[in-house]
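The structure appears below as structure tokens.
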Amino acid sequence: MIEPSHGATLTIDLGAIAANWRRLAAEAGGLTCAAVVKADAYGCGLARVAPALWAAGCRTFFVAHLGEAVAARALLPEATLYVLNGLLPGTGPALAAHGLRPVLGSRDELIEWATLCAASGVPLPAALHVDTGMNRLGFSVADALVLAGDSLLAQAGIDLLMTHLVSAELPEDDVNARQAADFARLRAALPHLPASFANSSGVYLGASAHHDLLRPGYALFGGNPTPGRPNPMRPVVRLDAAIVQVRTVTGGETAGYNARWTADGPRRLATLSLGYADGYPRSASGRGAALVNGVRCPMVGLISMDLVILDVTDAPEPKRGDTALIIGDSLDIDTVGRAAGTIGYEILTGLGSRYVRHYVTGTGA
Ligand SMILES: *Cc1c(COP(=O)(O)O)cnc(C)c1O
């Protein structure tokens, strides 16, 4: 399982990603489902994930940056590719050259893209981003409603209306209904445009959140789109680390930098070949855990750059060269995120490049 050249092995199940994509589409009654594959497919590796999703039937992809989109284009020559972060000044020709679609969120972007379309003699497709609550990217609802009658939209090739949910993972939050109502007004003003509203958690907000195109990211990679309820997605990521040493300490001895942990009696400690430089967050010090032979063992002391200390007293006799499960089974990415005081998204996107990566296709079921 562990290759001796590396301390830890990351296993990514491409079959589970494809199954999750199908599951999300099915949840919305077979609606068209895109895939958000920004940040190197949430840390899972665009080069392997994008072709796997294409093979599963996905035809529309969203990334954050032009550079990510160029990489995606090389992998997916025929896909529809949207660039969420919009049009940075002067990048229009590069987008057009690669057949990429910017998600336009301001009048300046819209005019720059429309000018490029005019110069090329054809409207080049793009999406219109309306901000219904994030105050981050996109036209205000009022500005978009004014824009609805403007020929600029057609000149700029706008072929998709979208907005982004503020708190989709909190179904009880009123902001969801407010955003849905604003989006309904926008759709009424722009009836010819297909529309995209739902991220992963949005898919689980019910039919009124579905519109024409789903836009999930996190759930594809095994994250729970319904926090507090059972995770409907299949796990995608598994991380195993090698045990480098096992030692026994007596009561009163400390472990790790700055002696942040003290043994309350005789304990067995295992040192794992994995640390914060691999993307396992230091903020999980004293709160993280790993599974050794199926037994949950707490991480003790401060997490180091390349090493983590585990209290394996309760695990059946682990030895040097054995492995500990860091992400997988009951230690899913949401759980690891909570232990680190963050969210599973940050765990995924932080998965470092020091691991050996194995891609498997699972059962595909
Ligand atoms: C990242 C992102 C998504 C995907 O969100 P998930 O919560 O990962 O499903 C969708 N839309 C926009 C605009 C995004 O930035």
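Heads up, the Cβ atoms here are built off N, Cα and C, so glycines get one too.
Annotation source TrEMBL lists active site, proton acceptor at K38, Y257. Positions annotated as substrate binding site by TrEMBL: R136, M305. Positions annotated as domain 'Alanine racemase C-terminal' by TrEMBL: 236-360. Per TrEMBL, N6-(pyridoxal phosphate)lysine is recorded for K38.
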Check: If you average pLDDT over the domain 'Alanine racemase C-terminal' (236-360), what do you get?
Finding: 97
Next item on the list: Between the Cα atoms of R136 (substrate binding site) and K38 (active site, proton acceptor), find the distance and write it as a whole number of Å.
Entry: 17
Margin query: Cβ neighbours within 10 Å, counted over all protein chains: which one of the recorded positions K38, R136 has the most?
Written below: K38
